[in-house]
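One structure is given here, and the rest of the page talks about it.
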Amino acid sequence: MHAWPAPKIPSLPGRNRLPSLFDTASRRLVTVGSQQGASMYVCGITPYDATHLGHAATYVAFDLLVRTWHDAGVTVRYAQNVTDVDDPLLERARQVDQPWEAIAARETAKFRADMAALRVVPPDRYVGVVESLPQIIGLIEVLRSRGLTYELDGDQYFATHAIPDFGAVSHLGRDDMIALFAARGGDPDRAGKKDPLDALLWRGKRPEEPSWPAPFGRGRPGWHVECAAIALTHLPLPLDVQGGGADLVFPHHDMTAAQAEAATGRRFARAYVHTGLVAYQGEKMSKSLGNLVFVSDLCAAGADPMAVRLALLDHHYRTEWEWTPRLLDEATDRLAEWRAAVRRPRGAPGDGLLAAVRDRLADDLDAPGAIALIDEWTTQDGDDPDAPTLVAAMADALLGVHL
């Protein structure tokens, strides 16, 4: 599977330091990456409705991290998956009476176009679940060989209950885990399971569902093992960052880590980084609720993609916030002011601004702080003929906002 075209990133004088981000597992700021390189896996879309602003906020946030690493002189290895076969996709296919493969291809193409419009740097490994079935089946076989799976009515389950430190990412109590597992695609109440938190690895063949051959019977993979297998295939362990939205902390990231670590005996990730959820009309923006605002719809209605990106960046990646049309209006005005300022023949000196913007981004990706600094620069007078060009380059290279 291919990603989208990479935007051209301007070069800047000097370098930033390595960024520090909030690690959900340790509940503190940690330095991520090193001068020897950085690796990141970000959970991708299930392509049946893409790309809403909740998606966009997540991928723009991790794009900010990629750009900050690049600015620190770090070589980045970045993988992202596409869950191109899954229960919600199959349900959508039944609802609209279309092949699930066609829906997945169409929505993935739309996602690629949206990411390109938002100037998101693509992952160097953009990988679908279907194309990764050999690796997923191989990982399940490793877990089977270690006695960490069991069969139930043709399905294969991971013995989560056998992992002593399970829950090290979320730190949730057992009752909260079971409740969230039920709410987020799990089956804690299924009769015959050895433990409510045991996770489905392989769903045996069902009528009118796609299936593939495996040593343990035809079927299709469960959610968590997909990401574990793709990450293990394309990135070295431990990952520097496992990323995604806050709704993936549990069960997805706890279970992905448990399965990967059980198979390899190695730590899965040094840091787990999560973005806050975006609301609309008083509720979390989600496909199940249907309260979605799509990037493509905003752009089709005349919004500049750079204004959409600015609106997203004006909220710290870890905060929860609510989308309103006013935010796009404000971002459109800000974009116009920035563009006017960098087209002036002279401006206030930009060297100090560059250092300050870099400092904000290295400190837990403080994009709102960086934006405020550029706002302040646009109001200042100066006679530096190189400043407007430098500020335009830093906005593009560091924030991804092309002026």
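Quick reminder: no glycine exception, Cβ is built from N, Cα and C everywhere.
Taken from Swiss-Prot as is:
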{"type": "BINDING", "residues": "Cys43, Gly44, Ile45, Thr46, Thr58, Asn81, Val82, Thr83, Trp223, Gly245, Ala246, Asp247, Val278", "note": "L-cysteinyl-5'-AMP binding site"}
{"type": "BINDING", "residues": "Cys43, Cys227, His252", "note": "Zn(2+) binding site"}
{"type": "MOTIF", "residues": "45-55", "note": "motif ''HIGH' region'"}
{"type": "MOTIF", "residues": "284-288", "note": "motif ''KMSKS' region'"}
Exercise for review: Quick one: pull the CA-CA distance for Val278 (L-cysteinyl-5'-AMP binding site) versus His252 (Zn(2+) binding site), whole Å only.
Suggested key: 19
Check your understanding: In the same chain, outside Cys43, Cys227, His252, whose C-beta lies within 8 angstroms of the Cβ mean position for the Zn(2+) site?
Key -> Asn81, Trp223, His224, Glu226, Gly244, Leu248, His253, Thr256
Review point. Of all the binding-site residues given, namely Ile45, Thr58, Val82, Trp223, Ala246, which is spatially nearest to His252 (Zn(2+) binding site) at the Cα level?
Key: Trp223
Review point. Whole-number Å distance between the CA of Cys227 (Zn(2+) binding site) and the CA of Cys43 (L-cysteinyl-5'-AMP binding site)?
Key: 7
Study note, to complete from the structure: Least crowded of the binding-site residues Cys43, Ile45, Cys227, Ala246, Val278, counting other Cβ atoms within 10 Å of each Cβ, is Ala246
Practice item. Specify the count of other C-beta atoms within 10 Å of the C-beta of Thr58 (L-cysteinyl-5'-AMP binding site). Key: 26
Check your understanding: In terms of DSSP three-state secondary structure, what is the assignment for Cys43 (L-cysteinyl-5'-AMP binding site)?
Key -> coil
Revision key, fill the gap. Trp223 (L-cysteinyl-5'-AMP binding site) has its Cβ surrounded, within 10 angstroms, by a count of other Cβ atoms equal to 22
